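Participant: The structure's right below; bear with me while I get my questions together.
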Amino acid sequence: MTGDSGTATPSASPRRDYGELIIPAVLVLVGTVVIAGIVTMDEAGDGGLFGAKAFPWIVAGLCYVVAILMAVSVFRPTPRPQSADPGDEADLILDHGHAPAEASNWRSVVIVVGGVLLFILILEPIGWLISGTLLFAIVAVGLGARNHIASVLGGLGIASVIQLAFSGLLGIYIPPGILG
Amino acid sequence: MDQLSNLITGFGDVFTLNNLLFVLVGALLGTAVGVLPGLGSAMAVALLLPLTASLNPLGALAMFAGVYFGGLFGDSIAGILMNTPGNSTAIASSLEGHRMARSGRAPQALATAAIGAFLGGILATVLVVFFAPAMADAATRFGPAEFFALAVFAFVAISTVVSDSAVRGLAGLAIGLAIAMVGIDQPTGTERLTFGVRTLFDGIDIVVITVALLALGEVIYQASRIGRPDEAQLLSSGGRPFLSRGEFRQALPAWLRGTGFGVPFGVIPAGGAEVPTFLSYGAERTLARRRKDSQFGKGAIEGVAGPEAAGNATAGTAMGALLALGLPTSATAAVLLIAFRQYGMQPGPLLFERNGEIVWALLASLFIAMVVLLILNLPMAPLWANLLKVPKAYLYAGIALLAAFGVYVAASSVTDLLIMLALGLLGFVMRRYDVPIAPVLIAVILGPLAEYSLRDAMVNSGNDPMVLISSPITIVLYTVLIAGVVWAVIRRRRTVSADF
């Protein structure tokens, strides 16, 4: 994900990180969805100049403008300025704290996101206790827990406590699923 | 003195075993999330929101306030002892604090931080008690143009003046404004951005948004960083835990100056305590250089005292801005505002009139929370550091479980869970590429206010844009805003040109 470094000055090398383009991409997507929403909008009555559609237009415009500005800054990164007071971390953090993103552990991300997705899919059919236990165990494994049995038992413990406290004491509905 | 009698009544309301217990729990929880890097008080309150919907409002709000201040007490502990600040608000105080710890003065650094947090918080809360009612009273005369100016002020301040890149702040703002528009448009009853999905008619639940961005986003972000070397090392903090008279005399002016930096920033939507803590650190450094006999760079007590006091002073006046104006000035304040709404209260000019009892009881609980926090932190700071031994994997697994549970039980809706996953991924991407989260939350909360007051102002005046800048309050707000933007631009330019 981390891009190539385009320049030679080692002290203040502006690194191009094309992965960063995902933010402008999200903005373009949001702006487009907003415009799609405006076009398909069934406005009740005549809203006048400032009806239900005016503000969405402003926001959509803002999305596109910011997306363009951000994309430009990804392709033409400004050199990272150095502190006026070398060796003092405070200036560095306050004035240009934006450090280039480092490589991500995508395997862990996929495991965690997959765990949440699985939880969403099985929560109502299978029930809270099992799906909650699995969610805890999968996220723990994704975050580097090595002892799988401890992860499952820990998940079961916390899921049971939540079930007892909220369903038992407060009477909040929790999907029982196949155990109910 | 109306305020004093109200406050005393407030103390009377809080002094029940039940409420005091909530304050204590909040203080404990806040210190804990403050100590743990990655966890913050905003995330903690967001996770608690769906779980506390059925509690009594005063107890829950007092607990949340305890979490807010507790986070600012606890954040410096790990920073001082391990050089891993628990939150960005503790970066400034950790610089000198960790140097003090390395030279064997860890207990003094921790005590300076705890007392500083206490003093800053108490002084700011006293100011709130005396001035917030007047501020709310003035704000009752706000019309649509004033509310629009206030919202614009908040938007620009949070996204441009403070974050290190205005474009990134605006990116967060744009996303938040778009999310806020989903649902039925109140004045016209028009469906907006729902694309026919019935569950979206009421909009995206703000609790789902906060839990997803603050909690699930952080869990995924932590997962993406698994495998990084973790070199932090806990320094011993044994020895005399209290300050000598000389140290106290050295720290006192710094505490007071720090409070001075923190107080105004609580009212400015500047994303919290980060900026004032650094301003205070910078001021202490400059003063130390002028004196020439300072220990700055080797562990100066003023470098810890100033920023810590500034952080909690900001939190104190932020409560004031939240209660009196309905203006959230940081992510945590934004989540607190959502908590008020959850209990059917709307922070703002009318809150003191409509829910005066709860407001004064809440203010009273802040004083109690501060004392509890001082007791919890002053002698026991080293104990809190043991929390850092909790395995990260189980910690974040627990957070993911609580987040998923809370989002589901709020409306028994699987759609909400899917929205949470999508926004959680968004939160992860934003964290990874340094796009601040606070502007999203501020935009989600103040977006509708901005839109409806703009539309009201336009309809009332027959689409005359001049009505937006015709009252003294709006002129003052826009003037301050322009001055702030100019200041931010000059400051940034100066640091850039300094090296060429």
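The backbone N, Cα and C atoms fix where each Cβ goes, glycine too.
According to TrEMBL, the record shows the following:
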TRANSMEM  A:21-39  transmembrane segment
DOMAIN    A:22-175  domain 'DUF1468'
TRANSMEM  A:54-75  transmembrane segment
TRANSMEM  A:104-122  transmembrane segment
TRANSMEM  A:128-145  transmembrane segment
TRANSMEM  A:152-174  transmembrane segment
Participant: Give the nonlocal contacts of the transmembrane segment (A:104-122) in its own chain as ranges (CB under 8 Å, at least six residues past its ends).
Facilitator: 1, 130-132, 134-135, 138-139, 141-144, 177
Participant: Same chain only, please: residues at least 6 beyond the ends of the transmembrane segment (A:54-75) with a C-beta under 8 Å from a C-beta of the stretch. Say none if there are none.
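Facilitator: For the transmembrane segment (A:54-75), the nonlocal Cβ contacts are 16-18, 20-21, 23-25, 27-28, 30-32, 34-35, 37-38, 41, 47.
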Participant: Determine the mean pLDDT over the domain 'DUF1468' (A:22-175), rounding to the nearest whole number.
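Facilitator: When the pLDDT values over the domain 'DUF1468' (A:22-175) are averaged, the result is 83.
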